[in-house]
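These come from Swiss-Prot:
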- GLY93, SER94, VAL95, ALA96, VAL97, GLY98, LYS99, SER100: ATP binding site (BINDING)
Amino acid sequence: MARDKDLSPYLDFDRETWRHLRMSMPQVLTEQEVVELRGIGENIDLDEVAEVYLPLSRLIHLQVHARQELTQATETFLGEKAPHIPFVIGVAGSVAVGKSTTARLLQVLLQRWDEHPRVDLVTTDGFLHPTEILKKRGILDRKGFPESYDQRALLRFVTDVKAGKAHVKAPVYSHTLYDRVENECVTVSRPDILIVEGLNVLQTGPTLSVSDLFDFSVYVDAALEDIERWYIDRFLKLRQLAFRAPNAHFSHYADMGDRAATDEARRIWQTINLPNLVEHILPTRVRASLVLCKGADHKVARVRMRKI
């Protein structure tokens with residue numbers, strides 16, 4: 001049974017309790033599909049999907065269904081058909097914590113429900129200001145911090161999708177080039193569900209924020225020392241992968257030795273990613289509808305679900 005800590009806004013579930021909330025949902029992914037969805041350095045498997053993500057997809061499905069019933073009630077009241085309003089989900093968390101994998105898994109799992117097969121995923125990386133602008137403003141070393149994003153464009157994008165516009169475009173970002181891809185975009189066309197994944201998607205501001213438009217949100221959490229270790233491990237693996245790609249922005253790291261690469265990864269973590277996490281990302285955790293708490297093995301050990 002979930003632990004209800006008196007004044008806490010969350011219900012706490014250990015993994016054993018949470019997995020039973022899957023009920024009779026069948027496993028809809030194959031091992032190969034999970035491998036293809038897995039991020040660098042992660043060891044997610046079919047058990048993790050069955051015990052963590054299937055219950056989560058069931059919860060979201062029920063909330064989408066409730067929203068659809070509310071829309072039908074509005075239609076009955078007005079005596080006319082209401083415009084289609086996508087259900088919007090935010091997925092937040094630190095660099096290297098596994099939020100991108102969580103978002104991809106949710107997209108695939110939610111697509112398997114007959115009631116909402118059209119599920120789009122957009123990352124906020126595409127809304128980073130172009131590198132040229134960041135250089136002019138002197139904030140290239142603060143890439144990923146709130147001020148490095150075109151917040152207005154991101155808000156306008158989600159607002160347009162939520163308003164039911166037929167075709168809404170979002171810019172595309174290349175981690176290999178470390179910049180937006182010129183003249184390239186993704187188009188979102190009235191999906192049933194839109195997933196928005198990014199570092200700071202749960203942030204608030206003095207006026208309307210993207211997080212105000214979310215119907216549900218997930219924060220992927222872990223101990224700081226674990227995330228640092230995962231970040232360094234991922235950096236070392238990228239030397240043999242993305243850093244060696246043609247035109248790779250970080251190609252100068254490709255031939256670094258293990259010691260030098262580890263030191264550089266730790267420097268980047270401690271001077272950029274850790275401050276961003278502590279100052280801007282972690283404080284938004286309290287706004288999440290649900291928190292996935294990972295253990296040192298990169299697997300979800302506990303789930304916290306907001307009561308209200």
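Any Cβ shown, glycine's included, is placed from N, Cα and C.
Where Swiss-Prot records a feature, it is marked here on the structure.
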residue	record	Cβ neighbours (10 Å)
GLY93	ATP binding site	31
SER94	ATP binding site	25
VAL95	ATP binding site	20
ALA96	ATP binding site	26
VAL97	ATP binding site	26
GLY98	ATP binding site	24
LYS99	ATP binding site	24
SER100	ATP binding site	22
DSSP-derived structure type at GLY93 (ATP binding site), helix or strand or else coil: strand
Beyond the site residues GLY93, SER94, VAL95, ALA96, VAL97, GLY98, LYS99, SER100: chain residues whose C-beta lies within 8 Å of the centroid, for ATP: VAL220, ILE227
